Amino acid sequence: MGTLQGLLLWLLLGTGGAQAPRGPLRPLCRPVNATLAAENEACPVCITFTTSICAGYCPSMVRVLPAALPPVPQPVCTYRELRFASIRLPGCPPGVDPEVSFPVALSCRCGPCRLSSSDCGGPRAQPLACDLPHLPGLLFL
């Protein structure tokens, strides 16, 4: 190795130029509070409630030569531990189940998206909201 190359390598490594940033640029995968909506077409009202969901950044990779190799599965922020809570929609007619169950995130992890328990789609054009008149303000954490 030439003197100039050695000097450049020493400067790069000595000044920390080859190190990754110390803190994340985006929030990592973790439980966060979110307001969701619950409704049933047979019941007269919709309820908005606050619960904890998994959200945040998961490190991912994209192949430089995508045609040569199969795609790399991209991890998503998903539940590690969860519990289920439920709310009762008021004013439902007899014979209609007024209970709506939903997951409450206790801890999260980066992993494959499981369609059985997660919505693996991208951002929505419109946030989830009530189509019916709603009763706001329930909190489930």
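Yeah, the Cβs are placed from backbone N, Cα and C, and that goes for glycine too.
Source: prediction; values computed, not measured.
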* Disulphide bridge to Cys77 as given by Swiss-Prot, partner from Cys29, Cys130 -> Cys29
* Asked: In Swiss-Prot, Cys108 is paired in a disulfide bond with which of Cys46, Cys54, Cys58?
  -> Cys54
* Please name the cysteine among Cys43, Cys46 that Swiss-Prot pairs with Cys130 through a disulfide bond. => Cys46
* Of Cys43, Cys54, Cys92, the disulfide-bonded residues given in the record, which has the fewest other CB atoms within 10 A of its CB? -> Cys92
* **recorded positions near Cys54 (disulfide bond), in sequence order, restricted to Cys29, Asn33, Cys46, Cys77, Cys92, Cys130 and a 10 Å Cα cut-off** => Cys29, Asn33, Cys77
* To do: Round to a whole number and give the Cα-to-Cα distance in Å for the pair Cys130 (disulfide bond) and Cys58 (disulfide bond).
  => 30
